[in-house]
């Protein structure tokens, strides 16, 4: 894959002609993790993950904390700030889908695709072999966060919907119930926004000549049969061995 061509394409089509080093670094981490985890991934899968992440991070392409908006200068505010923002929004009735505040013990969203609630931190942590419960801020690590986003979308760990459940690019035109935006979030009215981002990322991948790598299965070692053990001669019984010794002694005397 020609990453130079890829970045040239998205610089113009998605980032207004200018990419910051932070944005480049963030995208490179995501592409690296796709290469390492799923080298045979279809281009549409990568494009959809980048589109979902682009929307979720406001185009920053780096892990953020919940409540961070595109206009905020700080993508990593103090936890108290995040909890205060959520408390204020909840008090104003701006979070109608929330029955019980989940953020007051620190289980608010973190990441490229934010995970919330302790159970979700635990589930993603088990899947990746990372202690996200013991250290929630690992979800802000660029590599770990990219793995959460990618594996979560492939395995359906966010909403139960997986990338493999959708036929791209036709799925981008599907109604809410069948739209791939459901891989990451419920019905939030952002289906067409993410679809437009998807198309531009896909065009950039095509320009970069991205091709899934064929994963060659390593054949198991040949089944070489173990040599059969040689049959052992039965040991002479004690009485027989004694008779042999007596006869040998008598024969020796006669020959003297």
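Here the Cβ of each residue, glycine as well, is placed from N, Cα and C on the backbone.
Annotated features in TrEMBL:
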type	residues	note
DOMAIN	46-150	domain 'Glycoside hydrolase family 19 catalytic'
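Per DSSP, the secondary structure of the domain 'Glycoside hydrolase family 19 catalytic' (46-150) breaks down as 49 helix, 5 strand, 51 coil.
For the domain 'Glycoside hydrolase family 19 catalytic' (46-150), the predicted model reports an average pLDDT of 95.
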